[in-house]
Amino acid sequence: MANILRTIIENDKGELRKLEKMANKVIAYSDQMAALSDEELKAKTDEFKQRYQNGESLDDLLYEAFAVVREGAKRVLGLYPYPVQIMGGIVLHHGDVPEMRTGEGKTLTATMPVYLNALAGEGVHVVTVNEYLTERDATEMGELYSWLGLSVGINLAAKSPAEKREAYACDITYSTNSEIGFDYLRDNMVVRAENMVQRPLNYALVDEVDSILIDEARTPLIVSGPVSSETNQLYHMADSFVKSLNKDDYIIDVPSKTIGLSDSGIDKAESYFKLDNLYDIENVALTHFIDNALRANYIMILDIDYVVSEEQEILIVDQFTGRTMEGRRYSDGLHQAIEAKEGVPVQDETKTSASITYQNLFRMYKKLSGMTGTAKTEEEEFRETYNIRVIPIPTNRPIARIDHEDLLYPSLESKFKAVVEDVKERHLKGQPVLVGTVAVETSDYLSKKLVAAGIPHEVLNAKNHYREAQIIMNAGQRGAVTIATNMAGRGTDIKLGEGVRELGGLCVIGTERHESRRIDNQLRGRSGRQGDPGESQFYLSLEDELMRRFGSERIKAVLDRFKLSEEESVIKSKMFTRQVEAAQKRVEGNNYDTRKQVLQYDDVMREQREIIYAERHDVITANRDLAPEIHAMIKRTIDRFVDGNSRAPQEEKLDSILYFAKYNLVPEESISLSDLQGLSDEEIKASLYERALEVYNSQIAKLRDEEAVREFQKVLILRVVDNKWTDHIDALDQLRNAVGLRGYAQNNPVVEYQSESFRMFNDMIGSIEFDVTRLMMKAQIHEQERPRTEHNIVTTATRNISAQESDLPADVDLAKVGRNELCPCGSGKKFKNCHGRR
C-alpha cells in the first residue's frame, strides 16, 4: 500500500514539474504581448485561426494563445492569471481535471483553454450547475472573449429555439448541464433539420465537474409526454391502506433504504383489497402501487427528500446541493404516491419519449474536461468512466485555515446545544460563521434554536435559493451568521469583510458528516480562500444518519463504559474521526458500484440510442428521394412475414399471407387466394413486392411535386420511428426491473438485460419497417394545394398519414392464424402476443 501511495505522489510531482515548464513558456511571452497595442493584440485571434486552418495544431498555438488571453485579461478585467492558473488551464486543454482549491480563480483559469479551443471554430461549451452562474460567468468573462474577437452565447431554458440556435452557433456557449442534455434530446425529436439547435458536441469544460459527472451521474434527463391515466384512485387507496399499518406490518432495511410488507402486512393487504393472494400475477400492478405508497410514507421524508411548494406541488430536493430541482419528478409512480401522501393533486403519469444520463451525454463530446476543488477522492471513477485524470494544482498562497478535529456527542440535542454555544461565542466577538447542514429540516431546526438564543442570522436552503448569491456574498462580513443547506451557494466566493482577518477569518461549522468526504471538503473549502485565515469544525452525534447506518454501536459502547453525562460525553479523538471516514468510504464505494452498474445498463440503451438517432439524423438531413430506403423496408417486411409462416400447413400459410397482403400491402380487391396458389415462397415474395411497388408508385403520384414527396417520406418514417422508440424505452425500463429479480436465480442480470434488449431492439426494427410499409400503402393521400408557408408542409404531410388503426378487419378468421405468425391487425407483434391473447 505504501509503495502504491509513493508511486501516486511521485507521478503527481512529475506531472507538476512538466506543467511548470509549460507555464514558464507561456510566461516567456509576457513582455512580447505587453508591448502590443490593443488592436495588435486583438488581431492575434484571426492570426491564430488562420494558422490553425493552415495545419498548426491547438497544442502548437497553446503558449502564444494563453499569453494573449493573460494580457487581454489584464487589460479588460484587471486580472492577470497566476502561474498556477496557467498550469490549471493546460490541464483543462488536455482534457483532464485540475483540482484547484476554492478561491483560486477557476473561472479565470478556464478563459485560456476556452479561448484556445474556440479557435478551431467547432464550438466550446462552458457548463455550470445553475442559470445564475451561467449568466454571471458569461457576462463577466464574455467581456474578455468579445474584446478578443470571439462570439459568446448564453443558453437558458426560457429561450426560444431560434435564440438557442444562435447561442450554440457562437464560438463559446455558456449553459447549464441539464439544458445541454434536454436540447440534445429535443434535437433528436424534431422533424426538420432546420429546427435543430445544437452543433455536433465538440469540447465541454464543466465547472463543479464532480457535482455533475459524479453526484448527478445517475440522474436521467427525461423528455416525456402525459399518458391518459385512470389510476389516481389507486394511488389514494394504496396511500390510505399504508397509513393504516403498524410498525410490525412492514420491514425497512436502513442501509439500503428499501421497504416491503411483512407477513402481517400482506394479510392486511389481502383483507383491505379483498384478494386471495396479493402476489398472484394478476395483482402485479397493485403491488407496485403499495410498494410506492410504502416508500412515500416511510422512506421519503418531507423537507429532506422533497418540499411542498406554495402551489401545492411536490418539488424534489437535490441531496448534494440542497436546492429544489424544478421540473424534475420521481419516475415509476413514486412522485404520484408522494402527492397522495401529502394530499396535493395527483398529476397524471407520463411516458418517456427520450432519455439520457449525464454519464452518457458528456462521454459524447470529442474532448471533456472540468474544474473542481474536490476531485481526488473520486479519481478512480473519473478515470474509469470518463478517461479523465485528476491533477492537483498547488495553491497560489499556502492554506492558512485551521481544521479542528471532529467533536462527537451522544445525542442530537447535546450536539446542537454545543453548536449554538459555539456560534454565540464567535458571533459576540464578531467572527463570521457559516453553518452547513445536510437537510432543509436541520436548517429550520437550527434556525429556531438560534432565534431562541437571540442570534441574528440568514438561512439559505431549498426554500429560498433565489437569494443564494446575495446571502453567500455577505457571509464573510463581521458578525454574519449564515446557515446553508449542504453546498448551496457553491460557485460564489465568500470574501472577508473589514477587520475579519484579525478575528480568525470565516469559521465553517458542519453539523454532521455527509455520505461523501468530498462534500465535507467542499464545505471546509468555503473558508481560507487565497491564503486567508479561517477555521473549520464538525459536530457529530450518534443519532446522525451516517452514524446510525454505519457502525455507531462500538462508539456508543465506549461512551456507556465511561458512564459520562450528556454534557461531559463529548469525544475528540483521531480514532473516531478515522471510523467516520471509514464509514464514508464504505458509502462512497457502494455509490460508485451502483453508478458502475447503472452505466452497464445504460450503455446498452446508449448503443441503441446512437443507432436510432444516427438513422433519424440521416432521414432529417437527407436532401434526396428516400424511395430506395422505403423499398428496402417493404421488401424486408414481406420477406419476414412469408418466412415466419413458411413452416405452417400450406392452406393455413396462404390464408395468413393473403390477409397480410390485403390489410397491409395492396387494395383488398386486387388480390385473391388463386394469385398465391402454386407459387414457391420466393415467388410469393417477388409477386407481393412487385404489387407493393405498384401501390407505392400510385401513392407517390398523388403528391404534387418532388419536395412534397420528400416531406411525406420523412414525416412518415420519423413518426413511426419516434412512436416505436418511445414504446421501446418503456419496454427496456420494464425489462430492467424484471431482470433485477432474475439475479436471485443465479443469473447475471446485466448479461440477461443485454441479450434480451438486443432481441427486443431487433423486434423494434422489424416493427418500424412493418409500420412504415403499412402506412405507406394504406395512407389516404389527398391531392394537395401548394401550401403558403414552409410550416404547412409538415402539417399537411403529417395529416396525410391517416392509415387505419391497428384493429382487426371484420372478416378475419382468427382460427386460421398461427400463434407465431404476425398478427393481421398490423401491430407488428406475433399473433400470440396480440389478438391471440384475447
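Backbone N, Cα and C define each Cβ position, glycine as well.
Cross-referencing D406, D422, D444, D493 against the ATP binding annotation in Swiss-Prot, which names Q85, G103, E104, G105, K106, T107, picks out D493. Residues Q85, G103, E104, G105, K106, T107, D493 make up the record's ATP site, and a Cβ search at 8 Å around their centroid adds M100, T102, L108, T109 from the same chain. Neighbour density for E104 (ATP binding site): within 10 A of its CB lie 24 other CB atoms from the protein chains shown. Less than 8 angstroms from the CB of Q85 (ATP binding site) sit E104, G105, L108, T109, M112, N396, each of them six or more residues away in the same chain. Among the residues the record lists as binding ATP, namely Q85, G103, E104, G105, K106, T107, D493, the two farthest apart have Cα atoms separated by 17 Å.
For G103 (ATP binding site), the same-chain residues 6+ apart in sequence whose C-beta sits under 8 angstroms from its C-beta are D493, G528, R529, Q530, D532.
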